[in-house]
Every structure is written in C-alpha cells, then in structure tokens.
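Enquirer: Okay, so Swiss-Prot annotates it like this:
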type	residues	note
BINDING	Cys109, Cys114, Cys138, Cys141	Zn(2+) binding site
Amino acid sequence: MTQDYKLQVEAIKCGTVIDHIPAQIGFKLLSLFKLTATDQRITIGLNLPSKRSGRKDLIKIENTFLTEQQANQLAMYAPDATVNRIDNYEVVKKLTLSLPERIDAVLTCPNSNCISHNEPVDSSFTVKAQRGEISLKCKYCEKEFDHLAVLHAD
C-alpha cells in the first residue's frame, strides 16, 4: 500500500529550515532570536502534524544560514529541533543542537530591579542544566530563573 504525502509548507531552494519546534514556540523564537531581521522570505508553519510529538512548528528562512552558535541558542526552547542547511532543495548539513554555556544580547532579565533594564548593557545569562531542568543565571543581578520564565519576560 502506498500513501501520498503532501508538503504542507513550501520547499525552499536555499537557506535554513528549523524543524520539530514545540508547538506554540515558533513565533517566540522568531521574535527572541530576531530571525525576522532579514529581507529574505520566511515561511512559518504552526501546529503542523508531527509523528514525533503530535504537533510542531516549523520555520524556513530563504538564503540565510544560522551559525552553530545561533542554532545552539535555539536548543534552550526547542531542544529536539533540527536545524537543516538547504542547498538546491536538498539537505546538505544537519546541525546537532546542544545547550550553549551563555546567551548574550537575546533575552530580557525577568528581575525588574536588574540593572540590565536601565543601563546600556546587553543582557547576559549563564545556562545551567541539571536533571533535565534548564535555568539561566543573570550576569548582573545574579538571580537564577527557570528558562521558561525568561522566555515570557518581555
């Protein structure tokens, strides 16, 4: 028995595909990591069916390639995501994500008293992973937060 599968999001010729993003996280990743700061076409799939997790988000950015450092920063919120480099409609490289040691100039400290809110400094967090839990420690106020608290601290 054969089954026909139809792409729900158009293929790209050249660029980056971030796949297997947890559902409801795709838009936040676009915003946090400034993935829309480009003139290139971006295709977003939200709540797509996934055999792995039931539902997923997907981001395709044409003619743009993420560095390994940029891809690893995504791992904090989409640890099972895959980041694929596409060339001539083919996957030419798959990046394996791992948590970075630091994340700079991306996130906002949830502590409203932190100097990073009032001084001209870039935010900076040390990433800590223990027993499957991810936390972030602010360089300035030295408070530690669950990574999801920082995700929603805009």
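Every residue gets a Cβ built from N, Cα and C, even glycine.
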Enquirer: In sequence order, what residues of the same chain, 6+ apart, have a Cβ less than 8 Å from the Cβ of Cys138 (Zn(2+) binding site)?
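Expert: Counting only residues 6 or more apart in sequence, the Cβ neighbours of Cys138 (Zn(2+) binding site) under 8 Å are Cys109, Asn111, Cys114, Ser116, Ser123, Ser124, Phe125, Glu144, Phe145.
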Enquirer: For the binding-site residues Cys109, Cys114, work out the Cβ neighbour count at 10 Å and name the residue with the minimum.
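Expert: Cys114, out of the binding-site residues Cys109, Cys114, has the fewest neighbouring Cβ atoms within 10 Å.
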Enquirer: Report the same-chain neighbours of Cys141 (Zn(2+) binding site): residues 6+ apart in sequence with Cβ closer than 8 Å to its Cβ, ordered by sequence.
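Expert: The list for Cys141 (Zn(2+) binding site) reads Cys109, Asn111, Asn113, Cys114, Ile115, Ser116, given in order along the sequence.
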Enquirer: Given the recorded Zn(2+) site (Cys109, Cys114, Cys138, Cys141), which additional residues of the same chain have their Cβ within 8 Å of the Cβ centre, ordered by sequence?
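Expert: Near the Zn(2+) site, the remaining chain residues are Pro110, Asn111, Asn113, Ile115, Ser116, His117, Ser123, Lys139, Tyr140, Glu142, Lys143.
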